[in-house]
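Peer 1: Pulled these features from Swiss-Prot for this protein:
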- G12, S13, G14, F15, T16, G17, D36, N100, L123, T124, N125: NAD(+) binding site (BINDING)
- R87, R93, N125, R156: substrate binding site (BINDING)
- S149: phosphoserine (MOD_RES)
- H180: active site, proton acceptor (ACT_SITE)
Amino acid sequence: MAIKRRKISVIGSGFTGATTALMVAQKELGDVVLLDIPNMEGPTKGKALDMLESTPVQGVDSTITGTSSYEDTKDSDVVVITAGIARKPGMSRDDLVATNAKIMKSVTKEVVKYSPNSYIIVLTNPADAMTYTVYKESGFPKNRVIGQSGVLDTARFRTFVAQELNVSVEDVTGFVLGGHGDDMVPLIRYSAAGGVPLTKLIAPERIEEIVERTRKGGGEIVGLLGNGSAYYAPAASLTQMVEAILKDKKRIIPTIAYLEGEYGQHDLYLGVPTILGGDGIEKVIELDLTEEEKAQLDKSVQSVRNVMAALPAE
Ligand code: LMR
């Protein structure tokens with residue numbers, strides 16, 4: 001039987017969706033379909049064609065197709081959901097819950113109809129609650145519905161640490177635990193540069209400032225952009241997750257995963273370290289937390305549960 005290229009559909013052709021489509025194609029992870037609603041069909045097709053015309057220069061053979069028809073997403077291996085509204089200055093991610101939950105439900109119905117065997121990655125905010133919404137609506141097993149936030153939050157943390165130490169970002173490792181909100185928990189004990197614990201390299205007050213900047217990292221970009229939220233770093237994070245699944249890389253990365261007892265939580269999607277590979281979330285890794293870290297995580301969990309309580313009824 002002929003070997004076929006993988007298929008990745010990106011739902012939502014705004015800045016994040018379009019950038020994700022481009023990055024996924026540039027890595028030749030498969031053929032990409034970029035989808036948006038019918039009144040965005042022209043711009044979506046235009047963006048996709050423009051990207052396709054860059055492939056000879058890039059030397060990649062992934063195709064990129066723009067569409068407003070879910071039929072074109074049929075049999076996708078991975079579906080990335082970026083659809084929905086983004087926050088503007090003065091808003092919290094949680095202000096988006098009602099509008100985006102409705103959008104998640106209608107998108108998920110179509111994804112399930114056309115790509116019943118796909119892995120779904122959810123970016124839309126508030127990310128923990130939206131991933132939960134997609135999971136419930138899809139009826140997919142928990143390993144096939146994965147939320148994005150920890151790769152992004154950790155990338156921000158790693159950027160700030162590398163800047164502080166004037167070292168390669170490649171050598172900085174870290175872990176951000178908890179919900180994708182201002183209470184997220186960068187775990188300093190598990191962070192290092194070149195294997196050297198951060199606490200040996202950076203003064204505690206500076207570490208605290210970096211943690212605070214990481215927590216507010218999305219808001220910092222929203223404030224600077226003035227009319228939307230970050231897209232380059234979110235798209236890079238989504239691309240890493242698509243690659244981890246399609247190449248079965250078994251990366252240990254933080255994702256928003258469904259918890260059934262891990263970290264003492266039940267029936268909750270939350271940012272935790274996971275092994276992400278060819279079967280989606282293959283394992284949730286449980287870390288031993290100190291009393292202080294547990295208290296910080298509890299606060300973050302409470303914030304996520306507050307948003308969950310605001311989800312519209314069925
Ligand atoms: C981010 O962290 O950049 C995204 O969640 C977008 C936002 O609203 O902050």
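Cβ coordinates come from backbone N, Cα and C, glycine included.
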Peer 1: In this structure, which of the recorded positions R87, R93, R156, H180 has the fewest other Cβ atoms within 10 Å of its Cβ?
Peer 2: R87
Peer 1: Please determine which of the binding-site residues listed here (G12, G14) has the lowest count of neighbouring CB atoms within 10 Å.
Peer 2: G14
Peer 1: Just checking: which of the binding-site residues G12, R87, R93, N125 have a C-beta under 6 Å from ligand 1?
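Peer 2: From G12, R87, R93, N125, counting a Cβ under 6 Å from ligand 1 as near, the near ones are R87, R93, N125.
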Peer 1: Just the number: how many Å between the Cα atoms of D36 (NAD(+) binding site) and H180 (active site, proton acceptor)?
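Peer 2: It is 25 Å, counting Cα to Cα.
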Peer 1: Write out the long-range same-chain contacts of S149 (phosphoserine), meaning residues 6 or more apart in sequence whose Cβ is under 8 Å from its Cβ.
Peer 2: A127, D128, G179, H180, M184, P254, T255, I256, G271
Peer 1: Do any residues at least six apart in sequence from T16 (NAD(+) binding site), in the same chain, have a Cβ closer than 8 Å to its Cβ, and if so which, in order?
Peer 2: T82, L123, A230, Y231, P234, A235, L238
Peer 1: Sort the binding-site residues R87, R93, R156 by C-alpha distance from N125 (NAD(+) binding site) and give me just the closest.
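Peer 2: Of the binding-site residues R87, R93, R156, R93 has its Cα closest to that of N125 (NAD(+) binding site).
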Peer 1: Among the binding-site residues R87, R93, R156, whose Cα is within 10 A of the Cα of G12 (NAD(+) binding site)?
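Peer 2: Passing the 10 Å Cα cut: none.
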Peer 1: Around N125 (NAD(+) binding site), how many other C-beta atoms are within 10 angstroms of its C-beta?
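Peer 2: That number is 27.
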Peer 1: Other than its own, how many Cβ atoms are within 10 Å of the Cβ belonging to D36 (NAD(+) binding site)?
Peer 2: 24
